[in-house]
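Accompanying notes for the structure given below.
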Amino acid sequence: MAKTNKSQEEIACEAIKHALKALRKRHLLEEAAHGPAVLALSRPFVSQGSEWKEKAENLQVELQQCYKAQSRLSEQLVVEVAESRASKALVQEKENAVADLQKELTELRDECSQLKEDLEEKFKSLEVLVSENTELKAQLQQMTTKANKAEAENKMLIDRWMLEKMKDAERLNEANALYEDMVEKLKASGLEQLARQQVDGIVRQSEEGAEFFLESNIPSTCKYRLRAHEGGCASMLFEYNSSKLITGGQDRLVKMWDTNTGSLSSTLHGCLGSVLDLTITHDNRSVIAASSSNNLYVWDVHSGRVRHTLTGHTDKVCAVDVSKISSRHVVSAAYDRTIKVWDLVKGYCTNTIIFHSNCNALSFSMDGQTIFAGHVDGNLRLWDIQSGKLLSEVAAHTSAVTSISLSRNGNFVLTSGRDNLHNLFDVRSLEVCSTLKAAGNRVASNWSRSCFSPDDNHVAAGSADGSVYIWSISKGDIVGTLKEHTSSVLSCTWSGIRKPLASADKNGVVCVWT
């Protein structure tokens, strides 16, 4: 490139020299041509004529024009040399740009080749994936077929299981009828105590030992009027085979009362919201509270400390129950449209049931495998706790279900609703056996709880007018009306040892009835 630049400069210099030489030569020729005229002019003008004078002037003008032409050519030559140098610089830039572009083109060609190789590899991988997808689809089809077959078999087994349960229930009913007949006969012969202990070997048992089955008396007198909670008491229950009462209120406290003396035994702290429902394990060791703080709290009764805080619901928890055959499994319902099954030993949720209608109340079946759930849409639903599947469904009320209670023999389930009715369902057929109602009885809230008596012969339910109504199941009539509360009664519970009956109202007052 340097040689090329040098040769071009040399060429330009030679061109300038050649032009100067040509101009000098022309100048010499013109001087030679005009020589005679100059000599003539140098002579006296007297001897010359006007013609020579005129020629001299013309030649002088022509000489000046030649000088001017020479000057213009020199200027033009300088401009052309400058333009030539600029053109050389531009050519150099263009050559550099071309070299860069050629280098970039080479790199792009290499990159294009690499991309082609990658594309070929991708196509091969895609073919492998398509082949695997086809195989997986075939496997999925096979698994779907197996699942459908297993579901059909499962349904058949459930039907058989329900049939066996019905047969067992019928046998139990027959045994209960035989038991009642024997008791009546033995009562007549003065051997009532022996009948309770030995007839057909039937003995009521708890986890701690045998408990005798006693008929419930109809309470009529308010023995204690306890100012239990500030802001209302929505839930309470008795310990198993005990007269000790447990209450929970909007003041975020759970309290334990001795109903024999009307005194406060202990207070459980740690709940961060209003207590909406309570349950207790069958060994009376753990109390579990459903709270408006979206959590469940498990206390150790002996130490009074929170053993577990069960988290997972995203809205207030309004119902809770513990399995009747195990103190390990707990079920809860919240206003996030879920029902959750919990393992108390591990302290976490083992199954979640999602449904479009919120559940207000629930209860475990006697075998601990089924959940009875009362929903806001008024329906009673049975759920399998293992699979989370809906087993059965029945329209229980025209408004929201507020309470679910299972009879102690497991044959009947009691539902209460905002339609002010209390329905008794046969567990085997889910048919209504009896509907209990009263002119003045009005269910006060979505979580108003009713209850069975210990002998399953009576039902107690609170009313918005502050009364507690007691029905005879066999007659379907009211056998007692208790009046002591000054505000809506939200919850009733009957002790498992025949007495007492307890009720709680919206002002947090608890009445103990005998």
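Glycine residues also receive a Cβ, built from the backbone N, Cα and C atoms like all the rest.
Summed and averaged per residue, pLDDT over the domain 'Autophagy-related protein 16' (50-173) gives 87. What TrEMBL records for 50-173 is domain 'Autophagy-related protein 16'.
Per TrEMBL, the feature coiled coil maps to 84-189.
Marked as repeat 'WD' by TrEMBL: 226-267 (among others). Within its own chain, the repeat 'WD' (226-267) is flanked in space by residues 206-208, 211, 273-280, 282, 284, 287, 289-291, 299, 301, 304, 445, 447, 449, 490-491, 493-497, 499-500, 502, 504-512, which lie at least six positions past its ends and keep a Cβ under 8 Å from the stretch.
According to TrEMBL, the feature repeat 'WD' maps to 268-309 (among others).
The repeat 'WD' annotation in TrEMBL covers 310-352 (among others). The list of residues near the repeat 'WD' (310-352) in space but at least 6 beyond its ends in sequence, with Cβ under 8 angstroms from a Cβ of it, reads 273, 276-283, 285-286, 288-298, 358-368, 371, 373, 383, 385-386, 388, 406, 446-447.
What TrEMBL records for 361-393 (among others) is repeat 'WD'.
According to TrEMBL, the feature repeat 'WD' maps to 394-435 (among others). Below 8 angstroms of C-beta separation, residues 165-166, 169, 172-173, 176, 324, 360-366, 372-380, 382, 441-443, 445-452, 454, 456, 459, 461, 471, 473, 476, 496 of the same chain, each at least six residues beyond the ends of the repeat 'WD' (394-435), sit close to that stretch.
Look at TrEMBL and you will find 452-481 (among others) tagged as repeat 'WD'.
Under the heading repeat 'WD', TrEMBL lists 482-514 (among others).
Proximity of distant same-chain residues to the repeat 'WD' (361-393), defined by a Cβ-Cβ separation under 8 Å and at least 6 residues beyond the stretch ends, is recorded for 158, 277, 318-326, 329, 331-333, 339, 341, 351-353, 355, 399-406, 410, 413, 415, 417, 419, 425, 427, 430, 446-447, 449.
Taking Cβ pairs closer than 8 Å, the repeat 'WD' (482-514) reaches residues 211, 214-217, 219-238, 240-243, 245, 247, 249-251, 257, 259, 262, 408, 444-445, 447-454, 460-470 in its own chain, all 6 or more past its ends. With helix defined as DSSP H, G or I and strand as E or B, the repeat 'WD' (394-435) counts 0 helix, 23 strand, 19 coil.
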